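A.B. asks: Feature list, courtesy of Swiss-Prot:
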{"type": "REGION", "residues": "1-45", "note": "region 'Disordered'"}
{"type": "COMPBIAS", "residues": "1-26", "note": "compositional bias 'Polar residues'"}
{"type": "TRANSMEM", "residues": "88-108", "note": "transmembrane segment"}
{"type": "TRANSMEM", "residues": "125-145", "note": "transmembrane segment"}
{"type": "TRANSMEM", "residues": "149-169", "note": "transmembrane segment"}
{"type": "TRANSMEM", "residues": "175-195", "note": "transmembrane segment"}
{"type": "TRANSMEM", "residues": "221-241", "note": "transmembrane segment"}
{"type": "CARBOHYD", "residues": "Asn269", "note": "N-linked glycosylation site"}
{"type": "TRANSMEM", "residues": "317-337", "note": "transmembrane segment"}
{"type": "TRANSMEM", "residues": "352-372", "note": "transmembrane segment"}
{"type": "TRANSMEM", "residues": "382-402", "note": "transmembrane segment"}
{"type": "CARBOHYD", "residues": "Asn410", "note": "N-linked glycosylation site"}
{"type": "TRANSMEM", "residues": "419-439", "note": "transmembrane segment"}
{"type": "TRANSMEM", "residues": "455-474", "note": "transmembrane segment"}
{"type": "TRANSMEM", "residues": "488-508", "note": "transmembrane segment"}
Amino acid sequence: MSLERSTSPNPTERTSLLSDTASTISSRDDVEQSSLKQRRTPIPTGQLGGKVSMHSIIINAEGHLWPYINQFVNDIGVSDGNPRNVGFYSGLIESVFACGEVCSIFMLSRLSDRIGRRPVLLPSALGIAVFTALFGLSSSFTMMLTLRVCAGLLAGATPIVHSIVSELTDDTNNALVVPLYGLITPIGFAIGPLIGGTLEHAATKYPNVFGYELFRKYPYFLPSFVPCCMAIVGVTFGYFFLKETLPSLVKSKKRLERQRSSSSISSENSTLYGATEHIRDSTEETAADEEPDSKPKGITELIRDPSIRAIMASGTFLMFLYTSSDVIFSLYCFTAVEDGGVGLPPEKIGYAFSVAGLIAMLMQLCITPWVLRTFDKAKVYHFCMCSFPLVFALMGCLNPLAQTGYSEINKTLHPTTTGLLYAAIAILLLLARVCVMAFPISMMLVKQTADKHSLATANGLVQVAMTLARAFCPTISSSVFAYSTSHNILGGHFWVVVMVFISLVGVWQSTKIARVTKTKEQL
């Protein structure tokens with residue numbers, strides 16, 4: 001039969017040729033359709049910049065305190081002049097910020113699910129800026145606590161930013177946008193501590209530039225005022241570029257726009273191609289309108305989801321351990337070598353945190369996108385949690401290292417010891433910043449498991465779990481550190497044993513995320 005076809009007359013050859021041509025065209029269409037499906041959704045740069053500015057305000061409101069908060073508390077006089085008691089009070093200041101955040105997260109998240117993201121986020125960010133500046137004018141410990149609580153109440157809008165990211169992205173651009181969003185935290189934690197460590201007591205350090213009476217009377221006002229100015233710029237940028245992303249409001253806006261322009265569009269689409277495009281667009285929009293408007297799920301219903309519960313539980317350990325590493329590191333560096341610390345000045349502490357932020361920034365920019373595209377997200381999350389036991393174990397080695405070259409007479413370190421100490425701190429900071437990848441992954445896991453109509457509430461639940469950990473973490477971790485050093489338990493290193501144990505429990509808890517997400521995918 002094949003031989004007969006090869007010797008057939010022209011009509012059959014023409015038929016075969018047409019068939020081959022049609023097949024080629026069909027294959028080309030399939031390739032084009034496949035490429036369209038795989039094409040990455042364009043990233044709205046204006047929107048991305050708007051949410052970056054909003055999130056950076058919350059980060060800077062906290063990061064600028066780390067280098068000088070212990071010295072600030074000591075100068076206020078609440079610790080009775082004993083540096084070993086500073087840790088408890090400085091931890092309390094950091095805790096009340098998170099406590100205020102816990103109290104407002106649910107209310108602000110639910111409110112944003114009803115009235116929109118912008119009306120809640122922009123005023124909250126502006127309020128944080130004001131209370132951040134006022135903190136530098138504190139003259140009593142009570143005033144410090146009050147201002148931090150007020151700022152924390154407004155910082156409860158953090159999950160709204162997470163929801164905006166989820167609503168702006170899809171599966172085609174998640175691996176790029178989420179690491180970029182996660183880049184905000186290390187950038188903020190690089191800039192904030194640098195501002196705090198450099199500008200505290202600016203009138204004394206730089207009398208020719210900041211030698212004003214205001215900065216002499218309030219030596220911690222300038223490092224609080226600069227983040228406030230940056231926040232005001234961020235709010236202004238967000239006001240003009242951050243658009244509403246709440247799905248129900250976006251759909252209502254599109255429906256109104258379509259109704260207004262339906263008559264003009266019908267007249268303009270007179271050609272066959274235009275009419276076809278109009279019919280296709282109308283069909284898609286009608287299908288979107290016919291999609292039922294599901295109400296947001298309640299808190300109880302979301303908590304019943306095993307995936308949400310696993311992310312909440314593991315997120316609690318993640319935030320507790322991550323915050324503990326920063327709190328203890330700051331206190332560890334502030335404490336004198338003979339008291340069980342490293343004995344660095346606030347300026348050097350600020351530089352250390354800035355370097356840590358730069359390391360995290362490079363990881364988020366260069367490594368995280370590739371990791372998210374290559375490996376399973378739940379397994380990467382578990383890997384990040386596994387780094388915490390090593391972080392605290394290595395941190396406990398800094399004081400013994402410093403003691404090898406410490407002169408009790410001159411209160412100085414030998415140059416060789418100083419070099420080794422800085423090298424160890426660099427390795428520690430590099431290892432600690434590996435954990436940063438877990439935060440954007442947690443947000444992506446919430447998006448995978450939560451209903452889109454309840455996204456802000458689901459993010460709020462996870463954020464509440466994390467914020468509760470951050471509320472109690474500074475007080476607990478700093479108290480454990482102070483107790484172990486003041487009572488010289490295990491040579492002042494009892495806190496290392498406690499933190500390593502908690503880290504191992506967190507590692508075990510993170511294994512549940514991989515199990516529940518795999519189970520949910522199989523359903």
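A Cβ is built for glycine as well, from the same backbone N, Cα and C atoms used for every other residue.
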A.B. asks: Taking 221-241, 317-337, 382-402, 455-474 as candidates, which has the most Cβ pairs under 8 Å with the transmembrane segment (88-108)?
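C.D. replies: Per the Cβ count, the answer is 455-474.
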A.B. asks: Would the transmembrane segment (382-402) count as touching the transmembrane segment (149-169), if touching means at least three Cβ pairs under 8 Å and pairs must be 6 or more apart in sequence?
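C.D. replies: Judged by the Cβ rule, the two regions do not touch, with the required three close pairs absent.
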A.B. asks: Applying the under-8 angstroms CB criterion, which one of 221-241, 317-337, 419-439 scores highest with the transmembrane segment (488-508)?
C.D. replies: 317-337
A.B. asks: Short question: most Cβ pairs under 8 Å with the transmembrane segment (455-474), which of 125-145, 149-169, 317-337, 419-439?
C.D. replies: 317-337
A.B. asks: Can you name the far-off residues of the same chain, 6+ from the ends of the transmembrane segment (317-337), with a Cβ under 8 Å from a Cβ of it?
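C.D. replies: Residues 66-67, 69-71, 83-84, 86-87, 90-91, 94, 343-344, 346, 348-349, 352-353, 384-385, 388, 391-392, 395, 398-399, 402-403, 406, 411, 413, 428, 432, 435-436, 438-439, 442, 465-467, 469-470, 472-474, 476-478, 481-482, 485, 495, 499, 502-503, 505-506, 509-510.
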A.B. asks: Looking only at Cβ atoms, how many others are within 10 Å of the one on Asn410 (N-linked glycosylation site)?
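C.D. replies: Excluding its own Cβ, Asn410 (N-linked glycosylation site) sees 7 Cβ atoms within 10 Å.
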